[in-house]
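A.B. asks: A single structure is presented below for examination.
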Amino acid sequence: MLQQVNGHGSGSAAHGGESLREDLQEFLGGEAPLQQLDDLTKVNPVTLETVLRCLQAQYMADTFYTNAGCTLVAMNPFKPVPQLYSPELMQEYHAASQPQTLKPHIFTVGEQTYRNVKSLMEPVNQSIVVSGESGAGKTWTSRCLMKFYAVVAASPTSWESHKVAQRIEQRILNSNPVMEAFGNACTLRNNNSSRFGKFIQLQLNGAQQMTGAAVQTYLLEKTRVACQAPSERNFHIFYQIYKGAHAEERVRWCLPEGATFSWLPHPERTLEEDCFEVTREAMLHLGIDAPTQNNIFQALAGLLHLGNTQFADSGNEAQPCPLVDDAQCSVGTSALLLGLPEDHLLETLRIRTIRAGRGRQVFRKPCSQAECDTRRDCLAKLVYARLFDWLVSVINSSICAAPDSWTTFIGLLDVYGFESFPNNSLEQLCINYANEKLQQHFVAHYLRAQQEEYAVEGLEWSFVSYQDNQPCLDLIEGSPVSICSLINEECRLNRPSSAAQLQTRIESALTGRPRLGRDRLSPEPNFIVLHYAGPVRYRTAGLVEKNKDPVPPELTRLLQQSQDPLLKVLFPADPEEKSQEEPSGQNRAPVLTVVSKFKASLEQLLQVLHGTTPHYIRCIKPNSQAQAQIFHREEVLSQLEACGLVETIHISAAGFPIRVSHRNFVERYELLRRLRPATTLRRHGPCPDGGRSERPPCTEPATLQGLLQEILHALPAPLHCGRTKVFMTNSTLELLERARAQVLEQCARHIQRGWRRHRCRTQARRRRAAVLIQAAVRSWLARKHVRRLHAAATVIKRAWREWRIRMAFLASEELDGVEEKHSSQAPCSPSSSPLPLAQTRLQGAITRLWPLGLALANAAVGVHGFQRKLVVFACLQLPVGSPRSCAIQTAQEQAGVLSIRALPQGSIRFHCRKSPLRYADTCPGPSPDSVTGFNQILLERHRPGHV
Ligand code: ADP
Ligand code: MG
């Protein structure tokens, strides 16, 4: 979804994809940043990646609790956060009207369980399953919850009952250091690792006050007493007595300073859990007095000395194994401390007694060196396991209320998480089997919670199909054949069996089972179980022996003969036990194997859990170095897988992992209404109420519902609309996003198209306007020019008219003078008769028009040469064919005003000359002095300096 298809997109494409993802993230996740989300199921979409990112953001922001649906995820801060567990905060959660609205916290879970008990709604009893890997904080969480109940479940009114409750609470809290001292050890993963499972039942009376408690333990890792993995330690209590004993006690327990014990590795490491005084104090409060304590520690010191009892190889089967150098001393001390006769102890460790035959004859057989070691270890494990169980029973008797004094309970299950090591054996098989069972219980509960949410939203549950882990459980515990039944059968047959044989049996009997496999590359016989949290390879070697957990009857008999008061209590001489340990051939009691015992107690536990309302707290260890503020994604991821959170996510994905409120949905997908008109076929899922109601009841405004319905009609994919949310799968979201992108693209195209059209129109309009302006300017300029021309022409015309009038006047004056003189001088003869009338008119016309003609004839452009002459002739109305009667002289090649000389004395004679201005330059002729009359005027006008 929303990923680049080829993964080779350009930088900008990648950037675009990133921004789209962020955009979608914002839409799905709402406005809240990851570190402020109070529920992992609110990360949208619910994927491992988003869940991891959210957890990391929260851890870095010092937020250690968050919800994951019906589970509380608790991250180990690995640093003291006192304000997180203060009594004030406990009171705040207790007093809150709705604790769920406060920040996620274990106190929310505590308060919720407490209120559920108060409400008396079935099932009234509550249980809190605290799981997680070693060092994740399970014991811490359980402890905090106990403190919380001690505060809130105390009676505020009655002083007497308050005192009782306080005493009980104190005892319950005191049981922790004692159980941790005897049941916890420093491992590679956790300095204070609980090596047993525990279910604490906090008992409440009718007024919801704590009146007592009961502890049930599971599968103590007793092998640790005699065998510690490299870099790991024995149970804390051994180090406490070794380091914390007083001088006098050291003498009594034979623990001199600096003594070395093979079962006490790494005594130099000092842990805060090594505080002996705290354990003693707590034991005292639980009613274990000082002599009993002394007795216990003395027995434990005896076990330490027993560990130093080393055997050598006898080299002869008929001879018991000799002891190594200092071992004799160790055996003596051990026997002393355990109240046993030394020689009897030594004999029991080295010689096996076999009863056989009809007469139950006793045969004595010296053991091999390995058998001696096994018997020694077995003795230590037996004593320690019985001591632990006795302690639990003492604690129970101290804190347990009378059966009629309590009515309800809150159970706290501090259970070891799923385990997978390079070498896994029966312990891991049991632990993982228990985790499979609890996971099934959790899944059933989670699915129920989901179902409830869907029901509230009006959806049908049938959409979700989920394959649970039943096939895996069938493989481990099913009938008639399963891994457990095969291992138990091997024990019952009591025959020597090899690891390879067991592997072949498992493979052949369980062939075809989907959850079974084998590591063919491993040289050791093995089988693989595909657990919900991942595959685990189990070695078959030693499996049957561990399951049998054989306790040689001689060892029990020996311990029953102990003079030590504590061992007398731990190993009472019980005739029934005796008959069980030494079964006769015919009526053998069923062999109680480790697996069968574990299975029985697990079923009992699950029965208790089934009768309660479960709550889940998943503890997560952010890093294996126990460092604050360090978050290792890979480690957290494997824990999320192991504690079933990933499974939860998958279940979530099987349903509708994406839930969006109506408002958010409408805001984002409103534009999908454009996609297509409402189809006749309703493609989306049924409306709430199974489609019975026309419109789901909703508190939102009607318009929102209307819009929602419109969108749902137009959608290309089916999706399910609840009362307040829209539910969809990842693929549906993908489809919706694609459709949205399509619509957005369409919109973008529309916008582009509109913009381009707008731009073209604007450009065209501008062009038209420019043309208009240009035309206007040009016309204005033209008009202006014409006006100027016109004004100039008017001026010229006026000047011309003035000039013409003046000329006409001058000419007429001049002509008049000449005429008068001529007529007065000339004799009157017939040949010189007066001009006829026509000639007179011609003369008038010539007198009027000749300047125009001359001007035209002498214009710089237009007619040339002969044409010009013709024009002059025409304007003067001279006969073209009488060249002698008139001679025209023009300066045709030159522009300018010509002077005109007219001497109409009997004959018409015009003398055209160039302007007098240029006269002197161009042609020689009469000097300006000889010019008279009209010529004189012209000359005057063109003379330089004339104004
Ligand atoms: P588990 O029982 O799961 O093996 P623990 O409860 O013993 O783990 O926790 C391991 C260590 O982590 C504790 O000893 C403590 O130092 C630290 N721790 C766990 N939870 C918290 C917490 N809420 N605040 C501070 N430290 C914690
Ligand atoms: Mg623990």
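Quick reminder: no glycine exception, Cβ is built from N, Cα and C everywhere.
Automated prediction, rather than curation, is the source of TrEMBL annotations.
This is the feature table in TrEMBL:
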- Gly132, Glu133, Ser134, Gly135, Ala136, Gly137, Lys138, Thr139: ATP binding site (BINDING)
- 35-741: domain 'Myosin motor' (DOMAIN)
- 602-624: region 'Actin-binding' (REGION)
A.B. asks: Which binding-site residues of Glu133, Ser134, Gly135, Lys138 contact ligand 2 in the sense of C-beta under 6 Å?
C.D. replies: Lys138
A.B. asks: Report, as a single number, how many Cβ atoms besides its own are within 10 Å of the Cβ of Thr139 (ATP binding site).
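C.D. replies: For Thr139 (ATP binding site), the 10 Å Cβ neighbour count is 23.
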A.B. asks: Same-chain residues six or more away whose CB lies under 8 A from the CB of Ser134 (ATP binding site)?
C.D. replies: Thr187, Arg189, Asn190, Ser193, Ser194, Tyr416, Gly417
A.B. asks: Just to verify: the residue among Gly132, Gly135 with the fewest other Cβ atoms within 10 Å, which of the binding-site residues is it?
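C.D. replies: Among the binding-site residues Gly132, Gly135, the sparsest Cβ neighbourhood within 10 Å belongs to Gly135.
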A.B. asks: Give the mean pLDDT for the region 'Actin-binding' (602-624) on the 0 to 100 scale.
C.D. replies: 91
A.B. asks: Which chain-mates of Gly137 (ATP binding site) that are at least 6 residues away have a CB under 8 A from its CB, listed by sequence?
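C.D. replies: The list for Gly137 (ATP binding site) reads Ala74, Met75, Asn76, Cys619, Lys621, given in order along the sequence.
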A.B. asks: Using the structure shown, find which entry in Glu133, Lys138 (the binding-site residues) has the sparsest Cβ neighbourhood within 10 Å.
C.D. replies: Glu133
A.B. asks: Apart from Gly132, Glu133, Ser134, Gly135, Ala136, Gly137, Lys138, Thr139, which residues in this chain have a Cβ no more than 8 Å from the mean position of the Cβ atoms of those residues at the ATP site?
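C.D. replies: Going along the sequence, the neighbours come out as Asn76, Trp140, Asn190, Ser193, Gly417, Cys619, Lys621.
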A.B. asks: Could you count the residues of the region 'Actin-binding' (602-624) that DSSP puts in helix, in strand and in coil?
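C.D. replies: Per-class counts: 9 helix, 8 strand, 6 coil.
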A.B. asks: Check each residue in the chain of Ala136 (ATP binding site) that is at least six apart in sequence and keep those whose C-beta is under 8 Å from its C-beta; list them in sequence order.
C.D. replies: Ala74, Asn76, Gly417, Cys619, Ile620, Lys621, Gln639
